[in-house]
Amino acid sequence: MQADLVLYNIGQLVTSRELDKTKKMDNIEVIENNGYIVIEKDKIVAVGSGEVLKEYLTPATEMVDLSGKLVTPGLIDSHTHLVHGGSRENEFAMKIAGVPYLEILEKGGGILSTLKSTRNASEQELIEKTLKSLRHMLELGVTTVEAKSGYGLNLEDELKQLEVTKILGYLQPVTLVSTFMAAHATPPEYKDNKEGYVQEVIKMLPIVKERNLAEFCDIFCEDKVFSVDESRRILTVAKELGYKLKIHADEIVSLGGVELAAELGATSAEHLMKITDSGINALANSNVIADLLPATSFNLMEHYAPARKMIEAGIQIALSTDYNPGSCPSENLQFVMQIGAAHLKMTPKEVFKSVTINAAKAIDKQDTIGSIEVGKKADITVFDAPSMAYFLYHFGINHTDSVYKNGKLVFKK
């Protein structure tokens, strides 16, 4: 076996390889100094510490001395509303002044504003806008992003969002995992006919699946959005069609969406700021990943999800940006990690696990990405920081030094 690339003299190497089969949040391998990674083509072929075995080296092997830097798997942002038209900075002053969201909505703002902008945008306009976001994410060390639809809310514009996501996968290095989320809100044309829209979403499901445009189906199970019964109907059909499931749940009130996620065997339940003991118990007795979005709580000045309580109950947690034009207009997963430490009281190992192997589990990609292990994709991020603790302590800057995607250098500061 001959190496194309060797990264060596690594300071702290966070492989995120799980050391046992438990759901513990701190059970990941960390090589404390002088680590190395050997890469052949797009795969990792060796990981260790000390001197690299000569059997891997040829005169053509590229040797990169990382001079004691922090190295992790490529970060994974497992919950975003990536593709959307427009922005909502005009609502920011109203929010600061304390204007309620429903009042903003009545003035044509909120999700209705983004709905209009997304419907009016061409595919090319959405591509150009989203490419900028993906570049920001890559520069922050992110190599895989989940992307939801849900700002079209009709067949034509939901397909447009999903087609744009597919095209973007070919135009830049970040891997995109697509989620169909027409059940994000009820569009104005169905304002007085919620049942009609539920049926419309169910009709869209086979069309999206037939075109191979989405791997997951998500729904906003929330008071005055979609009930538990409506969510169950949509997600049951989706599951029968071969979609994997996600659920926005317990964001504003606890409606039973978390319990539904466990009942249906969803891959993840997301938000969870208002999760109850019943919901925690349901997740603890399932394999559902709790995908928490603390930058949304930060931006809305709302309560954070009870991460410590969930961790102590044996729940696996991922952290994501929730990047969207309303409640979290930020692509910065590094900041999310720092909030995770400071406000969710997560340890460095817990934080880094939540954006690597657990984030991979939240998009069902744990067999190929999310950890630095032999046989996995060589998606690797190098940070100009000596340790996980320093990275989390020194907030507000971009720590990324370089990013490797499938064994190729795709970003260098």
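Note: Cβ is positioned from N, Cα and C throughout, glycine not excepted.
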Looking at Swiss-Prot, which one out of Ser16, Ser327, Ser330 binds 4-imidazolone-5-propanoate in the same site as Arg88, Tyr151, His184, Glu251?
Ser327
Given that Swiss-Prot annotates His79, His81, His248 as binding Zn(2+), state which candidate in Asp4, Asp20, Asp322 belongs to that site as well.
Asp322
Which number gives the other C-beta atoms within 10 angstroms of the C-beta of Arg88 (4-imidazolone-5-propanoate binding site), all protein chains shown included?
21
C-alpha spacing of His81 (Fe(3+) binding site) relative to Asn324 (N-formimidoyl-L-glutamate binding site), in angstrom:
5
Would you identify the secondary structure of His248 (Fe(3+) binding site) according to DSSP, in three states?
strand
Out of His81, His248, which of the binding-site residues is least crowded by other Cβ atoms within 10 Å?
His81
At the level of the C-alpha atoms, what whole-angstrom distance separates His81 (Fe(3+) binding site) and Glu251 (4-imidazolone-5-propanoate binding site)?
16
Measuring Cα to Cα, tell me the gap between Ser327 (4-imidazolone-5-propanoate binding site) and His79 (Fe(3+) binding site) in whole angstrom.
13
